[in-house]
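Novice: One structure, pasted below without further comment.
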Amino acid sequence: MAINDAPALTERPGRKDDRPAHNQINANNCGNSQTSEYPVEAIVVASFGGPEGLDDIRPFLENVTRGRGIPPERLDEVGEHYHHFNGISPLNGLNREIIRHVEEELEKQGRNLPVYFANRNWHPFWNETIEKMSHDGIRHALVFATSAWAGYSGCRQYDEDIEKARRHCQEQGITPPDLTKLRQFYDHPEFIEAEAEAVQEALAKIPSDKRENCRIVFTAHSIPVSADKTSGNPGDGDYLYSRQIYEAAHLTAAKLGLSDDDFDLVWQSRSGPPHIPWLEPDIVDHISALHDQGIPAAVVSPIGFVSDHVEVAWDLDTELAHEAKDFDMAIERAATVGPTQRFTRMIIDLIDEYIEGREPLRLGVEPQHGCSLNGVPCFDNCCVPPAKHKHHK
């Protein structure tokens with residue numbers, strides 16, 4: 001597959017010779033060397049949550065922004081994006097699809113592991129789910145968080161969700177189950193294969209006369225540069241969030257026979273005050289720059305997102321699609337990979353990796369961590385940004 005050989009507008013984060021060697025953690029040795037005394041008896045798919053009707057929009061946004069001093073007019077502005085989709089985020093439905101696929105695969109293998117669903121910001125909330133698990137007699141469950149990456153919102157905040165849910169149970173006089181959060185999976189072979197297949201399918205939709213000069217553009221959620229700097233364990237070096245995403249893009253491109261000069265990594269969905277630096281360039285600005293260079297087509301791959309939600313649908317399928325009409329470019333958006341069979345196989349492998357205590361299946365060299373017990377972070381000083389940076393989901 002021939003791709004335009006113009007240099008990428010974005011550079012690889014960090015310098016190769018500055019990066020520490022990746023730290024492979026034994027799958028059964030999570031975080032601060034803590035493990036449960038109980039066997040694995042259930043799985044939890046943990047996610048961000050999303051509204052499922054017009055009446056849900058405002059309370060959902062208030063949950064997301066609670067304690068951050070976001071003015072009401074900003075909530076009204078963001079709420080309009082949700083109204084555009086009748087108040088329904090695709091995220092919950094797609095997470096239920098992931099759960100159904102995992103349940104079917106476990107049943108096919110004859111394994112009695114129920115799969116629960118827990119959200120941070122909308123039903124089913126963590127408190128609801130953990131009470132049900134306790135009522136069902138679950139003593140130990142593995143938690144699969146729908147984020148592949150290091151960072152506060154992508155990793156450590158899930159630890160906080162777990163800790164708060166267990167504390168809620170204890171305050172109600174309920175014994176909570178042990179909860180082991182599974183590791184980050186940004187470079188798992190099945191994840192990378194799924195991403196490559198999604199890009200290939202999108203590329204096939206580009207008109208044949210533009211395909212040779214089509215640009216591959218990977219996108220992920222922007223965060224403050226200062227939050228990126230403190231993502232990961234201090235011993236990993238700085239900027240682990242963007243480094244992991246770049247490596248996932250690099251590995252995906254390599255599966256397609258492409259070099260690092262054949263793709264760009266850009267960002268989307270920034271929020272917060274304009275004077276605070278966030279990861280750039282923005283996807284719409286970048287596509288405009290490609291148009292100015294004479295690039296006739298682009299495949300946009302939302303590699304930073306496991307499944308579609310309103311931000312993906314708004315930023316890429318609405319805003320970018322509208323701008324692209326003015327650019328007269330052929331643009332195809334690659335699908336997110338959460339509902340795919342490969343993604344299901346990856347989740348099953350992560351479960352088995354923990355239960356069997358074997359080394360992780362990995363393609364990359366950047367550090368990966370994230371495995372923890374009962375909300376105790378994998379490292380004491382891991383992924384702790386200032387409170388003002390807690391904008392990103």
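Cβ atoms are placed via backbone N, Cα and C, with glycine included.
Curation plays no part in TrEMBL annotations; they are all automatic predictions.
According to TrEMBL, the protein has these features:
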REGION    1-33  region 'Disordered'
COMPBIAS  12-21  compositional bias 'Basic and acidic residues'
COMPBIAS  23-33  compositional bias 'Polar residues'
BINDING   S89, Y158  Fe-coproporphyrin III binding site
BINDING   H221, E311  Fe(2+) binding site
Novice: Look up E311 (Fe(2+) binding site) in the DSSP assignment and reduce it to helix, strand or coil.
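Specialist: Looking at the DSSP assignment, E311 (Fe(2+) binding site) belongs to a helix.
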Novice: Based on DSSP, name the secondary structure state of S89 (Fe-coproporphyrin III binding site): helix, strand or coil.
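Specialist: Where S89 (Fe-coproporphyrin III binding site) sits, the three-state DSSP reduction gives coil.
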Novice: Based on DSSP, name the secondary structure state of H221 (Fe(2+) binding site): helix, strand or coil.
Specialist: strand
Novice: Check the DSSP secondary structure of Y158 (Fe-coproporphyrin III binding site), expressed as helix, strand or coil.
Specialist: helix
Novice: Name the residues of the same chain, 6+ apart in sequence, whose Cβ is under 8 Å from the Cβ of E311 (Fe(2+) binding site)?
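Specialist: Looking at Cβ-Cβ distances below 8 Å from E311 (Fe(2+) binding site), excluding near sequence neighbours, one finds H81, H221, Q268, S269, F305.
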Novice: Would you mind checking how many other C-beta atoms are within 10 angstroms of the C-beta on Y158 (Fe-coproporphyrin III binding site)?
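Specialist: A 10 Å sphere around the Cβ of Y158 (Fe-coproporphyrin III binding site) contains 28 other Cβ atoms.
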Novice: Other than its own, how many Cβ atoms are within 10 Å of the Cβ belonging to S89 (Fe-coproporphyrin III binding site)?
Specialist: 26
